[in-house]
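What TrEMBL says about this protein:
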- 1-117: domain 'DNA polymerase III beta sliding clamp N-terminal' (DOMAIN)
- 128-239: domain 'DNA polymerase III beta sliding clamp central' (DOMAIN)
- 243-362: domain 'DNA polymerase III beta sliding clamp C-terminal' (DOMAIN)
Amino acid sequence: MKITLDKNEFLSAVQTAERFTPGRLNTSAALQGVYINVKDDAIDIRATDLNVHCHIVIPGKIDEPGGQIFESKRVLEFLQLLQNGNIDLEEKDGTLKISQGNTKGAFPTLPTEEYPLPPVLKGTKQNLKTDLFIKNMPRLLFSASNDDARPVLTGVNFVANESVLTLVATDGFRLSVTKEKTMKDFSSMIVPAAFLREVMKICKGKKTTDFIYSPEEKMVMFGTEEIKLYSRLIEGEFPPYERVVPEEKKTVVKVRKDDLMRNTKLISIFARDFSNVVLYNFTSEGLILSPKKEANEDNTTKQEIQIEGPDIKVAFNYRYVIDFLNNISTEEVVVELLRPDAPVLFKSPKDDTFFHIIMPVRIQEG
């Protein structure tokens, strides 16, 4: 293998690929590295943790084809200290040599024969507008679980129903749901949330992305001309989220998002001593926030609201409220409440394609 390519192009590709190597030591040393495969007409950079595969194509001058696996961390350190411009890469006798002017570096490599490439997906390639991800994923992904004890909750549930695609994420304490009209042929599936975060990154600045769903391989692929990401789907049954969506309400409140964010952060300073629980007292006089079981009334704040229905007091883990507010782009928020122990629904007054539910914390006062 012998090639010449732009240092920054190679650096960016290796940085991206490194994110898809296993986070812990694996029995296969090859999986710990990044695979460079040079063909007659393309330079491929690959990485995988066996569940997710990353394939990047970068330009360059190809003198000799070939391929090797290299450990990325030291290579990245070396590349970051080189000047902008072209670099030369050559593989010889199990060593990857990188040179630029008077600077040379040699890095050990592994053979590529046992490197696991993603399967060829048997499915129809579709071209999707990236709006689906840029708009909806930030409103969903924060609700997905990080706990592998229940794998289905670490994903986003794609529910296809005629021309409507419903996307659902939950960790058992909160729930995000979006609905989009689509003419594309989607199938119901659970896609890992961590993978969708990476898909969002490659969608930035792009109007469309390629998409393939392969039921035989139980995998999906999202990709652009430069990068393709493959992921195994999560197997299992997603919990029936409809059961926690309130069918009725007694109190409806409209609040300014920025005020609610600021006031929640203010009271969170004191709520950290009380398991991060903040009391939200919705009254005809306004919304009063205070920490749980505060002995005095010094640590409170109040904001104006529009309210219909009886006064009601509920308690939330303030982190869930802040996560929700951080991921919506609306000036006002509508809050629908039934009882202090019932799921509370949050939504935008101007967008009926999305809603969020937070389970309140049960408290005993007095």
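Quick reminder: no glycine exception, Cβ is built from N, Cα and C everywhere.
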With DSSP, how much of the domain 'DNA polymerase III beta sliding clamp C-terminal' (243-362) is helix, how much strand and how much coil, in residues? 29 helix, 50 strand, 41 coil
Predicted model, mean pLDDT over the domain 'DNA polymerase III beta sliding clamp central' (128-239): 92
Using DSSP three-state counts, the residues of the domain 'DNA polymerase III beta sliding clamp central' (128-239) come to 28 helix, 46 strand, 38 coil
For the domain 'DNA polymerase III beta sliding clamp N-terminal' (1-117), DSSP counts of helix, strand and coil? 25 helix, 53 strand, 39 coil
